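First comes the structure, then the notes that go with it.
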Amino acid sequence: MADRKGEITHQHLLQVAGEASLEEKHAKAQLKKKRIASIDIFRGFTVSLMILVDDAGDEWPMIGHAPWNGCHLADFVMPFFLFIVGMAIALALKRIPNRHLAITKVVLRTLKLLFFGLLLQGGFSHAPDRLTYGVDMQRIRWCGILQRIALAYLVVALIEISTRSETNKEDLSTSNFLIFKSYLWHWLLGACVLIVYLAVLYGAYVPDWHFTVDDPNSADYGKILMVSCNVRGKLDSPCNAVGYVDREVMGISHMYQKPAWKRSKACTMNSPYEGPLLDDAPSWCLAHFEPEGILSSISAILSTVIGVHFGHVLIHIKDHSTRLKHWIVMGLSLLLLGIILHLTHAMPLNKQLYTFSYVCVTSGAAALTFSTFYILVDILKLKYVFLPFEWIGMNAMLVYVMAAEGIFAGFINGWYYKSPHNTLIYWIQKHMFYGVWHSRRVGLLLYVIFAEILFWAVVSGILHWRGIYWRL
């Protein structure tokens, strides 16, 4: 009798466990079903854009970074990433009700971003062109793309967690301004960031400074050169407060060695292409400058604040047309404000300084780009057209590391025949693209599109089919 009772109890436990397992699978399926495809596609589009401008920008300078003032295609990549991070913060943290658990996850993810940022852009990795690795700690680059994302993510995520309340459950579609009021602390953070940035940018005194030329290919190698400033509030290349803060805090040897300003007309006759410096080029053309520096990264937090607002709209407003009206009006307003600031010379568009006009234009462009994807994918159901972007977006970190940072290409280049320049990648470029089109410019552009972006889209699609993702 006891054995029979024990058998029934065991069967009951198995049944309960089975039901729990089915419920868990159902919950996961529902979560997957609710995933906003346009966000993955926008993320994949941005990663693809980064690969395109990084690898083809040297031959196509109109898509590469602007040498100083202005906004080229490459200058939209970083703000797009930060905008997407903001949207992801709003959507991801609402699923973690425990505040301490959420903070732990945010801090751990921030540390991972910082680690990979230093590893990939600090100078340790020399991929894909040089088959060496290692970095002199006297010259390690402390800042970079992932480090900037880590800072913006940490600050905005902590605000999101610390100010979270019952607002997450409310319908805020009754008024256009109610959603701004409900997340007032986020906008106060944005205001504080802007005030601090502008106060330092226009208020800090920039004295004369000097540096030692460390480029062994330069005729001035080893010389100490002076840069005359003694100004306050200037936004030109040598005498801005952004560079001054980085030089004082990090030291010029820890800053980016190939700033975009070296392609400016003041530095080379080949502008906007890279080329030898002019004989009378100013001394600062040989100096380092950090495009992802301290002060500019503080300003970059604004892009994530705007992105998290768009995520809040997605959460609280359920109607497609109301969402789009809010997004498009705000996007156009930001775009117009930034253009007016630039054209009236109140504040130039400048990615290196991450000016407020640049924040407005790029955030407005991000808003309109995302809205377009949302219409095509989530409303018109044309997701299949953008599957390559969606696959890349689901494995964005993998594609960023392997393709955008050249780790996979560096691995392939490690297997060569007789000469390090006789590798599979060089052979494909030469015989399947450059030779066929009889043009290095066209061949390189097509190589990047088909042999890099499309290749990694297929790889990401296979990994998605297998349920394999690299997430931090």
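Keep in mind that glycine also has a Cβ here, set from the backbone N, Cα and C atoms.
What you are looking at is a predicted structure, and each value in this text was computed from that prediction instead of being measured.
Here TrEMBL flags 36-53 (among others) as transmembrane segment. Sequence-remote contacts of a segment are chain residues at least 6 beyond its ends whose Cβ falls under 8 Å from one of its Cβ atoms, and for the transmembrane segment (36-53) they are 63-65, 73-74, 76-77, 80-81, 84, 87-88, 91, 314, 369-370, 373-374, 376-378, 383, 386, 388-394, 396, 399-400, 403-404, 448-449, 452-453, 456-457, 460.
Marked as transmembrane segment by TrEMBL: 73-94 (among others). Within the chain carrying the transmembrane segment (73-94), a Cβ under 8 angstroms from the stretch's Cβ atoms is held by residues 36, 39, 42-43, 46, 49-50, 53-54, 57, 62-66, 102, 106, 145, 148-149, 152-153, 156-157, 160-161, 164, 168, 292, 300, 303-312, 314-315, 351, 358-359, 362-363, 365-367, 369-370, all 6 or more beyond its ends.
Positions annotated as transmembrane segment by TrEMBL: 106-125 (among others). Below 8 angstroms of C-beta separation, residues 93, 133-136, 139-142, 144-147, 149-150, 153-154, 157-158, 161, 401, 405, 407, 410, 472 of the same chain, each at least six residues beyond the ends of the transmembrane segment (106-125), sit close to that stretch.
The transmembrane segment annotation in TrEMBL covers 145-163 (among others). For the transmembrane segment (145-163), same-chain residues at least 6 beyond its ends with a Cβ under 8 Å from one of its own Cβ atoms are 78, 81-82, 85-86, 89-90, 93, 99, 102-103, 106-107, 109-110, 113-114, 116-118, 120-121, 183, 185-186, 189, 292, 297-298, 300-301, 303-305, 308.
The transmembrane segment annotation in TrEMBL covers 184-205 (among others).
What TrEMBL records for 294-315 (among others) is transmembrane segment. Among residues of the same chain six or more beyond the transmembrane segment (294-315), those with a C-beta under 8 A of the stretch's C-beta atoms are 36, 78-79, 82-91, 94, 143, 147-148, 151-153, 155-156, 160, 168, 172, 179-180, 182-183, 186-187, 189-190, 193-194, 196-197, 200-201, 241-242, 245-246, 249-250, 323, 326-327, 330, 334, 352-356, 359, 362-363, 366-367, 370.
Long-range contacts of the transmembrane segment (327-347) within the same chain: residues 235, 306, 309-310, 313, 355-368, 370-371, 374, each at least 6 residues beyond the stretch ends and with a Cβ under 8 Å from a Cβ of the stretch. Per TrEMBL, transmembrane segment is recorded for 327-347 (among others).
The transmembrane segment annotation in TrEMBL covers 353-377 (among others). Tertiary neighbourhood of the transmembrane segment (353-377): same-chain residues 37-39, 41-42, 45, 71, 75-76, 79-80, 83-84, 87, 194, 197-198, 201, 235, 240, 242, 296-297, 299-300, 302-303, 306-307, 310, 323-324, 327-328, 330-339, 341-342, 346-347, 383, 385-386, selected by CB-CB distance under 8 Å and a gap of 6+ residues from either end.
The transmembrane segment annotation in TrEMBL covers 398-417 (among others). If you look at the transmembrane segment (398-417), the same-chain residues 6 or more away from its ends with a CB under 8 A from one of its CBs are 47, 50-51, 54, 116, 120-121, 125-129, 131, 392, 423-426, 452-453, 456, 460, 463, 469-470.
The transmembrane segment annotation in TrEMBL covers 444-465 (among others). Within its own chain, the transmembrane segment (444-465) is flanked in space by residues 44, 48, 51-52, 55-56, 59-60, 387-389, 391-392, 394-395, 398-399, 402-403, 428-429, 432-434, 437, which lie at least six positions past its ends and keep a Cβ under 8 Å from the stretch.
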